[in-house]
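Chemist: Sending over a structure as structure tokens; questions will come in a sec.
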């Protein structure tokens, strides 16, 4: 939830230079160019208004949100009850154990089974005490064993740092002393106290945290004196526990209380050592450094310390026995006797009343006794209950912190444990005192709590000093006050939530409260700080540094959208653009709330959208030497306004894009309504390498190299910036909501080692292939990706929707290695065909983690035609196998480097790879069995029949073109689909015949049961289950034919999808001309030979000749002249081609046209348009203007790009692009010899892989088939579902019983053992991942109606702060129908006032397209509006009163922000000067700092473009662009605005 900043002093302006402090905050300066509609005449008033469309990511799932809210409501209740109840039971069972440890303890015994008129007692024997000592030992040891196993797992499967000697010694000493303190409390002190006092004493074990709170409190903190007084009072209250009961009772053992409480509280010191600031003392700095060192090596040391603590507790048990005059070794020697059958003695007594007023009693033995049997397992059961409840308390408490319900379900619940336990104990003890038989059916009669020794509660409270417990309880609440103020992020890691990642078994509630970390806003650790100026404050032994130059703005989340486009359709581009506009709207709302309302939003981010358009240019219609943008770029430009209109539900017309010539082609820059930039980089494949991988290299080096590493900042600042910079990789057809990105950012914030994260990809389309992919994607994400996430790492983060951490990409052997040019055959398969998977492989091999978020939904268009689908998978299948093989081959080093990849995970991936390789053979065998079962053919005949289509398809794939292969694959797929329908019938008949307990029946039921259960756990996607039939009937095609097609076309490295015909370049046309000339020459030679009767008019079935002297033809037949006809067609087109080439080139003797002068540099100027040349035969007579690609390329004048202004790159950026292209992105020269070599190598690789693949599957099929033939000798008897036949032989009077067992055949054994184990692993992984996903969703959702103050009870400011971002989003929206009652009239036709609406549209003032300005304009309107208008904004509140209150709070906050801005403006005006010209945002600060130091220009290459609310003309800047030959000067309106060439 957004939080107010109490120290808010006004935010620096971001991109709105017109919003200076001396101006009214809500002035509305409209620009006619930025209107959503032009002034229109009466005849043209008819409107087309965008309506909200629910498709893709915008489909309404309100029931899902309601369900999640209901789950969070249940989470509040259930988690609170679980934490409180389990902690109370855990504490109560511990006190039950300690109550049995007192030597010679007398317990009243029930008399119902003995003598109703008598009273009895029993005395604990040594054997009984030994059983409970073992119970106390188990209670302490089991959690330590759990911590030991956790530490071992992390040390073996992750990286654990070795501790320094000092850190190890301190950790050893502290843990040892705390263990001794816990042992003294449990073994000596609590047995001497009654259980009520014992429960109270557990609230007095935090004296050291109280002292550290006082010492670490900053004097600059508000109300510091009051805080210190409360700290002193809390410490004093805790100290009273040291003496109050030892003095009152006088028992010598109770004088151990001060030592026990002090030693126990010493173990909580790490969480209260504070944080380092400039005012921190030297001793506290040293203490913080010590704490951080111990924390870094925690898991390494805990492997030893956990075992050592168990040993120390064991030693303390032996010492306690010795102190009680018992033989210590009886703890071991008499354990067998203690945990065996034995008897205890019950003595008859007579009660004597000593003090009637105080209720004191005594008794005397009468001599009677009984021997009864004990329940020796009671101690074990009580200890197990305590262990289980303690772990439940820990797990539920951690869950409450992760989903942000800590205040109620964690802190409040744990704070109630003491009072609830005391009250329950008083109730139970009172009942047992009144009736010794009260719990005889539940608790053994010889066991119970140590009951307080008095009958009257008032006597117990006053004389026994029980009232002082309230002071301990209050002081503990004050010391743990930080637990009431959580500031952690959603689903935070356990190590971040708790100072120690475990709990203390005997003191579970205290350990959780005191281990819960203080969520300091400044999370910098001691090792991250730079040197302090005052060296005298730091000891010589300390190497602590203070990081003085790292600014808070460096930690702001920065998202660079990096979308790659190629040949997307109009609909696909629209979906992508709408996603960008939604993200822009969300970011604008967060910025506006922060900028104008002083709200700190933990989810705030900065945004910049980039589109990298591959192959964006084509030969112009004007000249072959000029380039123009292709139809896909034009479609993108045309779609921008349409997409914006659909998102904002009003007609929007953005400012035309600003055009930049660049060394790689060009770029277009739009300023979105939210004042974020959207930049489209137009790539010319003649200037820079095209395809997706090189676009990724392009943007990685641009953002992380030029935009970050070239900044004149310290390396520490760059480190922080890089860690919080993310690249959102998208495809050009993706569709998503802003929440999807927020969820991925949450994962990144949770784990700093996370290099990439991907969401749930939903395929969009229609038809059978789309339906197949919907189910395939669902199963792949539900089972495979979820399992990879849980047991290791996701191997592929798809480039269509993935978030990459900038720092991870910048690591060694990642970004640099990704630029490797393919030089070997396998490189083309691994690098270029599966670039996304290869990039993730590089991250994994460097130790980074890749995760999957099932709650982050994105929608992408999938292939809808069979051929397109097969071509897509033809790329994916080999590249997937190549990258996994690469990872498996380097698995040893990867396991060592990557903490998240273990040997077991590598084994799992090997199993999957083995299943992929042998999958076709397995399906082939399944088809044999199906044909055998359905048709009755023998296995051998079924084998031969099934081999025909497979071998035929293999032969066609090796010899024919791709089109033929796909046609044959489609036919065979249809045949196999019909066979699979027959298989379904056969399976049903087999189940009926063999029964449900047969192996095949169980496997079938288990498989589909897993699918149905998995779908039920994904209710939002359960519709995918409807396509399981299509998936099932296409199994043979997808697991046999597709694999064969992919491997046989391994040498085909073309993209295969989205291929469209494009215009040929001049070079390509010249090559085609040369080829045609060769063909024509060959045809002419043939005509000459025909003149001398050497023609080839006839051919023979049998021909022979002797040295060309004569030729004999036998069985002659006419020649069909197919080659001649083909050559004739080439010749006919040759003349057209020559004419075309001649018309495109300008004659060299024509005098050059005088170069047009163009003004540039000023934002308001535009480049005047040149007259367009007609595409005619006379165009060659028009002189061609001399052009330079970095000054006036032809494409800039394209009218389809709209009349936007022209600007130029800075020198630094121009040089960067040139250097980058020269280093990595220069187009690859088409060397024919090299291409032939690569083609040969690819073909050889194809042949090798096909041979290996076919041999492995052939041997597998042969082996299983031979076993199948001998199934009568080689089979296993299935123990379930056997058939029993009973026959009676009347002759011999014998009953014969025959059992017929089902056989587990070899094929069945393979399927059950292999695929069954894989599915079991994936199902378990899915269940755990579902829990993490639900946890993430619960952490994201907010409840405004449960466990929070009611809206009516909230203050005006509190209601405003809760919904600040939503209010900002509501006020900034462009559609003003809710205020002006415009828009589509959905009332009844007869009541519509159509003409009134049209006339109103004529008079209405149109809205601005700047969300920032619209926010100010709307707020001004609302301030003066009538109450009815205010009620139309739902974000202001549920009823009219709350809406008005929220609006008042908003206006109050606005006035305070304005006042603060004016004060800060006055302070700045009085200052001597500025470091920077103007306030800037963090992202623009990075860009501005990247300017060159040459001094020839001011680098504002990244300055934000201004929008419609601008009223200031930006200062001109100088920009140098150098060329080799010519020198020109372009002058503008200002004398300083010029360029030298």
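Yeah, the Cβs are placed from backbone N, Cα and C, and that goes for glycine too.
Okay, so TrEMBL annotates it like this:
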type     : residues  : note
REGION   : 1-20      : region 'Disordered'
DOMAIN   : 62-326    : domain 'Chitin synthase chs-1/2 N-terminal putative transporter'
TRANSMEM : 73-97     : transmembrane segment
TRANSMEM : 132-153   : transmembrane segment
TRANSMEM : 165-189   : transmembrane segment
TRANSMEM : 195-215   : transmembrane segment
TRANSMEM : 227-246   : transmembrane segment
TRANSMEM : 305-323   : transmembrane segment
TRANSMEM : 378-396   : transmembrane segment
TRANSMEM : 911-934   : transmembrane segment
TRANSMEM : 940-958   : transmembrane segment
TRANSMEM : 998-1017  : transmembrane segment
TRANSMEM : 1024-1047 : transmembrane segment
TRANSMEM : 1249-1267 : transmembrane segment
REGION   : 1504-1541 : region 'Disordered'
COMPBIAS : 1526-1541 : compositional bias 'Polar residues'
Chemist: Answer yes if the transmembrane segment (998-1017) and the transmembrane segment (940-958) have at least three CB pairs under 8 Å among residue pairs 6 or more apart in sequence, and no otherwise.
Modeler: no
Chemist: Cβ pairs under 8 Å only, please: of the recorded stretches 378-396, 911-934, 940-958, 1249-1267, which one is richest in them relative to the transmembrane segment (1024-1047)?
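Modeler: Ranked by Cβ pairs under 8 Å, first place goes to 911-934.
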Chemist: Based on Cβ pairs under 8 Å, which of the stretches 378-396, 911-934, 940-958 lies most in contact with the transmembrane segment (1249-1267)?
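Modeler: Against the transmembrane segment (1249-1267), the leading stretch is 911-934.
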Chemist: Counting only residues 6 or more past its boundaries, what in the same chain has a CB within less than 8 Å of a CB in the transmembrane segment (378-396)?
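Modeler: Here the qualifying positions are 79, 82-83, 86-87, 89-90, 93-94, 96-97, 100, 131-132, 134-136, 138-139, 142-143, 146, 339, 409, 444, 447, 502-503, 505, 508-509, 512.
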Chemist: May I ask for the residues of the chain that lie six or more residues beyond the transmembrane segment (911-934) and have a Cβ under 8 Å from a Cβ within it?
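Modeler: That would be 881, 884-885, 888, 942-943, 945-946, 950, 976, 979-980, 982-983, 985-986, 990, 1035-1036, 1039-1040, 1043-1044, 1253, 1256-1258, 1260-1261, 1264-1265, 1268, 1307, 1310-1311, 1314-1315, 1317-1318.
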Chemist: Apart from its near flanks, which chain residues at least 6 from the ends of the transmembrane segment (940-958) lie with a Cβ under 8 angstroms of it?
Modeler: 924, 927-929, 931-932, 964-965, 968-969, 972, 975-976, 1040-1041, 1044-1045, 1048-1049, 1250, 1254, 1265
Chemist: Can you tell me the mean pLDDT for the domain 'Chitin synthase chs-1/2 N-terminal putative transporter' (62-326)?
Modeler: 89
